[in-house]
Amino acid sequence: MYKCALVLAAGQGKRIKSDLPKVLHKVCGKEMVNHVIDTIRKAGIQDANIIIGKGAELVKERTEEKNVTYSLQSEQLGTGHAVQCASEFLKGKKGTVAVFAGDTPLIKESTIKNLFNTHIENKNAATILTAIVDDPTGYGRIIRSGNEVLKIVEHKDCNEEELKVNEMNSAIYCFDIELLYESLSKLSNNNEQGEYYLTDVIEILKSEGHNIGAVITDFEETIGVNSRAQLAQAEEILKDRINLKHMENGVTLIDPKTTYIGIDVEIGKDTIIYPNNIFEGNTIIGERCTIYQNSRIKDSIIKNEVDIQSSVILDSSIGNNTTVGPFAYIRPESKIGEKARIGDFVEIKKSIIGDGTKVSHLTYIGDAEVGKECNFGCGTVVVNYDGKKKYKTIIGDHSFIGCNTNLVSPVQVGDNTYIAAGSTITSEVQEGDLAVARAKQRNIKGWVDKKGLKK
């Protein structure tokens, strides 16, 4: 059977008080609407249409890689009106369509599958995802007669008896596409808000004798984000889920409460994560690594048995058995080899560092290719920028760079070379050479007395 989805993402979200469309606020490093789309796809629904409105172009930009289509809701006149705006997407289709809110990032793949299966197996015209809550204030109520679903009443339109109902509408549904399409033209805005409610479709279908079903799920999954406080709540819930998944897969988190792992991050077994670490984007961390406190790693590949302490690694790769930090900064497009050492207060920018090379402290390497088994003394600087353009430096294998050396790019240093401490290198150093580029020391006798500086 054909399955598709509509994602309602047209609202600005006044309560969140932001210039950014509400659905583009991130939870665990990913936009809420993209959480919804990714979960839909995992549940086996490939055809999705996003209903956009406020900030439409920005929403399209942030979701363009998801292979979705779009419908425009120019005026926000309610959820029913939003689905009406997707009529062209629905027209002529047969099967089942699910409707999701773009601000519900906690919905699970298994719940979506269960909703579809229940809907199809029971041949329902509509199936509502619901939850039981102690305080349903603000939510639409599921009105039943026994176990039979009769209708959904929005909170502001509830009478005294309906307000006592604690089964709430999650705003996630499955519909028979043809029946939904026919019902959209029958919606009315005769209510307190003057809006077209998608929930009224339930009552329309029921009045026509169609079967309406409901699937009850955990309230946590249905939380819609309408404020910064709810955004933080969703972040905390999803963070706990992610951390639990990694611990179940063999990763040790010393303090899960202070460990922030993005939803797309992968971590190998027997890796140990200390407190106050942040892993973001498409980061992959291998097995048997130790990530000590206060590190941030984003969009990077960390191979096996790597030790990292109090460092920042962005869009780079670190080879097996390498150590990084403390207080190292690996900037984008850097590649660090195996068994290397990147020490304290070292900055690597857009450079390749060969296997076994040691850059132990207080060094800047930018736009460089460094061979294997090299050693950098303290205070080395690759001078790669002349104020207009950045230039490349190449350093061969087994080279020794003395302390306080400046390598003025573009420059090439051959294999097995030595550079004396304090040198400023401006031209090629050939293989096997020692380069000394510093002024000869000159001692001026009696200078302190002559200047009257003796104490």
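Glycine too: its Cβ is placed from the backbone N, Cα and C atoms.
Taken from Swiss-Prot, the feature region 'Pyrophosphorylase' covers 1-228, and the record attributes it to sequence analysis.
In the three-state DSSP classification, TYR364 (UDP-N-acetyl-alpha-D-glucosamine binding site) falls within a strand. Counting only same-chain residues at least 6 apart in sequence, those with a Cβ under 8 Å from the Cβ of TYR364 (UDP-N-acetyl-alpha-D-glucosamine binding site) are VAL346, GLU347, LYS349, THR380, VAL381, VAL382. Marked as UDP-N-acetyl-alpha-D-glucosamine binding site by Swiss-Prot on the basis of sequence analysis: 8-11, LYS22, GLN73, 78-79, GLY140, GLU154, ASN169, ASN226, ARG331, LYS349, TYR364, ASN375.
Mapped onto three states, the DSSP output places ASP103 (Mg(2+) binding site) in coil. Residues within less than 8 Å, Cβ to Cβ, of ASP103 (Mg(2+) binding site) and separated from it by at least 6 positions along the same chain comprise GLY11, GLY13, LYS22, VAL23, MET32, VAL33, GLY224, VAL225, ASN226. The Mg(2+) binding site annotation in Swiss-Prot covers ASP103, ASN226 and rests on sequence analysis.
Look at Swiss-Prot and you will find 229-249 tagged as region 'Linker'. Residues of the same chain lying 6 or more positions beyond the ends of the region 'Linker' (229-249) and with a Cβ under 8 Å from any Cβ of it are 16, 25, 27-28, 32, 105-106, 220, 223, 256, 259-263, 265, 267, 269.
Residues or ranges marked as region 'N-acetyltransferase' by Swiss-Prot: 250-455.
As annotated by Swiss-Prot, active site, proton acceptor applies to HIS361. Taking the Cβ of HIS361 (active site, proton acceptor) as reference, residues of its chain lying under 8 Å away and at least six apart in sequence are, in sequence order, GLY343, ASP344, PHE345, VAL346, CYS378.
Taking Cβ-Cβ distances under 8 Å and a sequence gap of 6 or more within the same chain, the neighbours of ARG438 (acetyl-CoA binding site) are ALA420, GLY422, SER423, THR424. Annotation note: ARG438 (acetyl-CoA binding site) sits in a coil segment as assigned by DSSP. According to Swiss-Prot, the acetyl-CoA binding site annotation covers ASN384, TYR385, ALA421, ARG438.
Between the binding-site residues LEU8, ALA10, ALA421, the minimum number of other C-beta atoms within 10 Å of a residue's C-beta occurs at ALA421. Here the C-alpha separation of GLY140 (UDP-N-acetyl-alpha-D-glucosamine binding site) and TYR385 (acetyl-CoA binding site) works out to 61 Å. Cα-Cα distance from LEU8 (UDP-N-acetyl-alpha-D-glucosamine binding site) to ASN384 (acetyl-CoA binding site): 49 Å (rounded to the nearest whole number). In terms of DSSP secondary structure, the region 'Linker' (229-249) contains 20 helix, 0 strand, 1 coil. In this structure, the CA atom of ASN384 (acetyl-CoA binding site) is 15 Å away from the CA atom of ARG331 (UDP-N-acetyl-alpha-D-glucosamine binding site).
Ranked by how many other Cβ atoms sit within 10 Å of their Cβ, the binding-site residues LYS22, ARG331 place ARG331 at the bottom.
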